[in-house]
Amino acid sequence: MEEGMEAPKFKVIIVGGSIAGLTLAHSLSQANIDHVVLEKRASIAPQEGAFIGVWPNGAQILDQLGLYHSLEKLTAPLSRMHLSFPDGYSFSSLLPKTIHEIFKYPIVSLDRQKVLEILFQNYPNKEKIITNQRVSEVRLLGDSASVVTEDGSVFQGDLIVGADGVHSRIRSEMWRLADELHPGMITPQERQTLTVEYACVFGISRAIPGLRSGEHINHYGDKFCVITFHGKDGRVFWFIIQKLDRVYTYPNAPRYSPNDAAELCDKIQDVIIWRDITVGDLWKTKLVSSMTALEEGLFETWSLNRIVILGDSVHKMTPNIGQGANTAIEDVAVLASLINRVVHADALHKPSESCIETMLQKYKTLRYERAKSTYERSRFGARFHTRDNWLKALVGRYVFQYVGGLIENRTSKTLAGGNVIDFLPRPHRLETGCVTRLPKGQGRPQQQWTLLWVSSLVLFLFLPWLRSYLPSATFW
């Protein structure tokens, strides 16, 4: 390079102004790497009735970026959970408080809209976030790549990141290009990865007497569950998950209207979820609500050439264990760390195409097994909470309360080992604790594993007698 000439800048095109997309923008900004965010909607933070839970594995990354405090002050940390069953039985647990003590961050819930607002308002270069840019095509140009949007705009860069959700246009374009460049790479099985077995009504309600801030309810129904989180000033975040009568393969999944949400909630309005609180109370006090099909799936192809996908674009899970957004944030941490490493390895030259491909393969290698484990636990959680067979119903009702250490262990394993951004300092609060490993003594509740299996065997032997005491026979 001639003296006085500026080194070429590596540029990342982020498609999707999602939580993952904006978190990546913050990460790249901190690394001084050029980027742009393209959002198809007119607004970055629309109110759609959705909410998210920020768990310790996601919180530590947002804390690294200086964003967590703004979120935390809007919420009430979770300290207690209540579990209830169709026969009226219930019990409580301090698992959320224990998680807080172990990992130094509480579990918090807040409007997805608020999270997006905080990510946007705290972003230093808002001109790099461009709305009304719906992608129509991705082009691979050898030494670069470009994104074409429906209004004819062309954005050229070195790496295209699809953070555009489960209906990802970037994933579709990646598949189209793979069919051209490597026929057979995207198998028929992969094209059918996403399935739908559940529908979900999301809602946010004003304060309801009897529901305390910082608490959480999980009602185990028969083929459905109701989960609530009680935030600051009594604001109630809730969702109802209903098992469908068949399994659908994406994109052939049901679509739902506000009337469908009302019909489902009316059908189960008298179901008591805790003490004298009913589903009808949630519905009558709602501020916003929406109903959607819940896709599930983990894709095998994460990248092609200069294209990569993350978050719901590559692994979609139900909200039962609250890890969808947190898993996406972990994707961001790994990808941003790798981009920073390859971009700053040579101040005079941009990374070659082969270097980028190697980096993206490493991204999948570093993330795949952890994402798969979280996805599988989420998948199990949906079926356990909705009691979709007799064994899950029996264990949930008669064993679950006696194996608190086992549940703590499983939850801790989901959170421990979380990825962080390697070029940013560790958050101050982790000086006395670490989310990237389990504290000594955690992770070995052998006696409770034994109790679980022995109890399950006893329940199986006494199954004919127990049937008469369970409220529904729909899953026999």
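Each Cβ is built from the backbone N, Cα and C atoms, and glycine gets one as well.
Feature annotations, reproduced from Swiss-Prot:
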- Tyr220: active site (ACT_SITE)
- Glu39, Gly53, Arg112, Asp312, Ala325: FAD binding site (BINDING)
- Asn409: N-linked glycosylation site (CARBOHYD)
- 449-471: transmembrane segment (TRANSMEM)
Under 8 Å by Cβ from Asp312 (FAD binding site), counting only residues of that chain that are 6 or more apart: Ser18, Ala20, Gly165, Val166, Ser168, Gly324, Ala328
Where does Glu39 (FAD binding site) sit in the DSSP three-state scheme? coil
Gly53 (FAD binding site) has its Cβ surrounded, within 10 angstroms, by a count of other Cβ atoms equal to 22
Rounded to a whole angstrom, what is the C-alpha distance between Ala325 (FAD binding site) and the residue listed as 'active site'? 23
Sparsest-packed of the listed recorded positions (Glu39, Tyr220, Ala325, Asn409) - C-beta count within 10 angstroms: Asn409
Determine, from DSSP, whether the residue listed as 'N-linked glycosylation site' sits in helix, strand or coil. helix
Rounded to a whole number, how many Å is the Cα of Gly53 (FAD binding site) away from the Cα of the residue listed as 'N-linked glycosylation site'? 20
